[in-house]
C-alpha cells in the first residue's frame, strides 16, 4: 500500500475534532448528571452521586416523565410500523410510474421541507375548528408521519433504483403470481433497508418536538415533557433525564444495528442453493 | 394493461396519498384560510380580510425578523457546507477500507438519532458564564473575564445549528462521493493535475448534487426552526418561527397563519430554485 499523503493526517485531525464537537456536549451533561446533591447546573462537580437519577423516579420532583416516556414509546412504535408499510407500498407504487406520480413526488418533497411548526399549527387548527380533541395517538400520530414518511420513501427510492429487476422476471418466468413475487423475492431482498426505514421511523418520532407541539393535546410526549422541564427545572435532574434518554436512543440504535448484522450473517450462512437441484 | 398499471399504482400509493392529503395538504389549506380570518383576544372568527397581511407587511419588525432568519440560514449553510464537505471527503477518499468507512460514518450519524432538545441544552453547561469554555480559557490565561457572548447570543444560536444540522450535509455529500468513479481521479492525476486541481475541477463538480440536497435540508431546517433560537438566544433574538410561535402563544392564530403562509412561500421558492440544479430522484 502506498504511504498516506500528508493531507490524510490533517483531514484525520479535522475529523476527530468534528467527532469531539458532535459528542462533547452530550458527554458534558452525562458527567454533570452525576453531580452531587448540592451541585448545580454547571461545573464544578460537588461530589459524585446518583442523587439526580433517584430524583427521576420520584413523581413529585419531575412530573409525569414515565407516563410521557410510555406514550412516546408507543407512538414511536405506531409511527415505525406505519412508516415501513406505507413506504414499501409507496416505493412499489412509484416503480409503476403511474399517472400523477409526479404530483405525489412533489408532495413528498414538500412534506420534507415544510417548516414543522406549520404542520403543527395546521393540524391543530383543523382539529380545533372541527370540534375534535387533539390527541397524540390521532393528530399527533398523523403530524409525525409527515416527517417520517419522506425519509422512508427516499430510502425506498434509493433501494429500488439499485434493484435488479431480473430477479422478478425470473420469479415470473417460474410462474409466481405478482403477490408471490413481492412476498418471496422482493421483500427478502430489500429487508435490510426496511430495518433502516424502521430505525428512522421510530427515532424521528421518539425525538420529534415541533410537529407534536400543538397536536398532542393534554398528554405530553417525552420531548414535550423535557421542553416543559427546561423552563421550570433548575437542578441537574434534567441532565439525568437527558442522559437516560440518550442512553435509550443508543440502545435502540444498537438493537437495530444488531438486527442488521444478524440478518446479514444468516443470509451469508445460508448462501445460495442455486444448482443444488432442490425443488 | 396501461390503465391497470395506473390503477394498481394508485392502490399501492393510496395510504401515502391519504396521509399527505389529511396531514399536509389540508393543514396548508387550513392555514391559508385562517390567515384571512379575524381574531379577538381570546377567540378567532371566520372572515375574509387582509388585515393580518397588511399588519405583517406594514411592520418593520417583520422585515428585520425575516432578514435575521436569512442571516442564520446563510451563515449556518456556509459552516455546515465547509465542515460537511471536509468530513465526507475524508471518509470517502482517505479512509481506505469499506469497513472503516461504514464504522466512522455510523459514528457521525448516531447523534442524529438522539434528541435535539437534549443536544441543545447540552451546550448550556459548556458555554455558560461559569461554563467549561470560559473556565478553560481563563485558566489558560487567554481571557481575564468570562466571555458573555458565548451563550444566549447569535454565536450560540449558530453554533447549535451547525451542531444539529452538519450531518444533513455529510450524508448526501458522502453518498455522492462514494459513487464517483475512482479512475476519474487517477486520470486527473495522470494528466498532471495537482491535488487541489483534482478537488476543484473533478471532485467538487461531481459532488454538486449531494451539496444541493444537503443545502435543501440545512436551509429548510434553519428557516423553519423556532426552538433552537428560543433556547440558544435566551429569547433575545427572533426568527420567523419564533414570531409564529409567539402569536400561537397569544392565541392569535390568524396572524400566526399569515406569517406561516409567507414563510412557506419563501421556503418553497428557495427549494424551487435549488431543485433546478439537481434531480433528486436520479441522485438517490
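From the backbone N, Cα and C atoms, a Cβ is placed for every residue, glycine too.
Annotation source TrEMBL lists domain 'ABC transmembrane type-1' at A:69-256.
Within its own chain, the transmembrane segment (A:7-34) has Cβ neighbours under 8 Å at 41-43, 45, 48-50, 52-53, 236, 239-240, 242-243, 246, counting only residues six or more beyond its boundaries. The transmembrane segment annotation in TrEMBL covers A:7-34 (among others).
Feature annotation from TrEMBL assigns transmembrane segment to A:73-94 (among others).
The transmembrane segment feature in TrEMBL is assigned to A:103-127 (among others). The list of residues near the transmembrane segment (A:103-127) in space but at least 6 beyond its ends in sequence, with Cβ under 8 angstroms from a Cβ of it, reads 94, 133-134, 139, 142-143, 146-147, 149-151, 153-154, 208, 210-215.
If you look up TrEMBL, you'll see A:147-164 (among others) marked as transmembrane segment.
Per TrEMBL, the feature transmembrane segment maps to A:185-206 (among others). Same-chain residues lying 6+ beyond the ends of the transmembrane segment (A:185-206) with a Cβ under 8 Å from its Cβ atoms: 72-73, 75-84, 87-88, 92, 144, 147-148, 151-152, 155-156, 158-160, 163, 167-168, 171, 176, 222, 249, 252-253, 256, 259-260, 263-264.
The transmembrane segment annotation in TrEMBL covers A:237-262 (among others). Sequence-distant contacts of the transmembrane segment (A:237-262) (same chain, six or more residues past either end, CB-CB distance under 8 Å): 26, 29-30, 32-33, 35, 41, 52-53, 55-56, 61-62, 65, 192, 195-196, 198-199, 202-203, 206-207, 222, 226, 229-230.
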